[in-house]
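Pulled from Swiss-Prot:
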type	residues	note
BINDING	D22, F23, N24, R38, H61, L62, G63, R64, R119, R152	substrate binding site
BINDING	K205, G296, E327, G353, G354, D355, T356	ATP binding site
Amino acid sequence: MSSILSIKDIDLAKKKVFIRCDFNVPQDEFLNITDDRRIRSAIPTIRYCLDNGCAVILASHLGRPKEIASKYSLEPVAKRLARLMAKDVIMAKDVIGEDAKKKASELKSSEILLLENLRFEKGETKNDENLAKELASMADVYINDAFGVCHRAHASVEAITKYFDNTHKGAGFLLQKEIEFASNLIKHPARPFVAVVGGSKVSGKLQALTNLLPKVDKLIIGGGMAFTFLKAQGYDIGNSLLEEDLIEEANKILLKGKNLGVKIYLPVDVTAAQTCSQEAVMKYTPVQEIPAGWMGLDIGPASVRLFKEALSDAQTIWWNGPMGVFEIDKFSKGSIKMSHYISESHATTVIGGGDTADVVARAGDADEMTFISTGGGASLELIEGKELPGVKPLTIKDSE
């Protein structure tokens, strides 16, 4: 057996603590934060460190900047965090430059410093040892509370852990909660266990689907990825999204499900249009009658009813991936309805981060879900049974 090094086991008193957070939050065109859930999720760990008299250095990425640009600055995050905590947050002008180093070295007990966007440093995504060493030199203790990036071997996630021994590094409360939830979900789900998998591509979820099959009782497949499965069953899908090279794999999954006695549900109708836009003329059509030149962009009302029926006796529901192009209003109905049904069920409901969390927030159902993961990719990889680069260095065999 193995366990995770925890923030609770570290002597934090008056220490300088580096916390890797995930403040990769959505913003509108005026850079206003539209959903601060990830910022709020980090507060318990930050508060715990402050209560122990720590000087707290926070670090995160935001977006995928190719260069240093003000639209990727963490300044709006600093302001929102300060408001949420009713406490000043000092903002550094850089990551490991003169300003950051000066502010980090002068940081006093119970003060908070937020470094600028980690990805302004090219070495972050390259897992660069030198960057990791520079970041590590700022603090006595390292805490990872950024589940959303734990599947990435990045400098502030993996390389940095080499510069702290086991008594000076650990997982924050959010990271521990995420890992606990995912492993319990896979090892001890209340049954029937229903997985709802959507999103655009089969390729990104192939491994998760294969891994889930022996564990679930029912599997609902929606979103753009459903068309590869429908094509595998011999349907004409018009111009709908198709991964031609994965038709064979889709067939294998359908066959494996059958052999395991897992009931697999695919859409029976779709909301179709000729273009993917708000102005497009749309119509509901059975999956066997999608016209040439048209594409399915959401599940239709009959699919919604079928999926609702499939969810009716569920005791555990894991949902990862929207049912359609939810960013466009007229193609969001299937995803919104699914969100309502899942939130109204009596099951333990786990939402696998990313776009799905956005759908749930838009539907106004966030408070009704049992658990909303802060990381889409990371939660998928945990479900796939993979070891996460950010978690592995914080994991010890219980005999150690």
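Glycine is no exception: its Cβ is also placed from the backbone N, Cα and C atoms.
This view paints the features noted in Swiss-Prot onto the structure.
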residue: D22; record: substrate binding site; Cβ contacts under 8 Å, 6 or more apart: R38, A42, S60, D145, A146, F147, G148, V149, T374, G375
residue: N24; record: substrate binding site; Cβ contacts under 8 Å, 6 or more apart: R38, S60, H61, L62, G63, G148, V149
residue: K205; record: ATP binding site; Cβ contacts under 8 Å, 6 or more apart: V197, G199, M225, N320, G321, L380
residue: G296; record: ATP binding site; Cβ contacts under 8 Å, 6 or more apart: A226, F227, I237, G238, S240, P267, V270, T271, A272, V287, I290
residue: E327; record: ATP binding site; Cβ contacts under 8 Å, 6 or more apart: none
residue: G353; record: ATP binding site; Cβ contacts under 8 Å, 6 or more apart: G148, N320, I372, S373, T374, G375, G376, G377, A378, S379
residue: G354; record: ATP binding site; Cβ contacts under 8 Å, 6 or more apart: N320, G375, G376, G377
residue: D355; record: ATP binding site; Cβ contacts under 8 Å, 6 or more apart: G199, G321, P322, F326, G376
residue: T356; record: ATP binding site; Cβ contacts under 8 Å, 6 or more apart: G198, W319, N320, G321, P322, G376
Using a 10 Å radius on the Cβ of H61 (substrate binding site), the other Cβ atoms enclosed count 27
Counting Cβ atoms within 10 Å of each Cβ, the densest environment among the binding-site residues G63, R119 belongs to R119
Once DSSP output is merged into helix, strand and coil, G353 (ATP binding site) belongs to coil
Simplified DSSP label at R119 (substrate binding site) comes out helix
D22, F23, N24, R38, H61, L62, G63, R64, R119, R152 bind substrate per the record; greatest CA separation between any two, in Å, is 18
What DSSP gives for G296 (ATP binding site), in three states, is strand
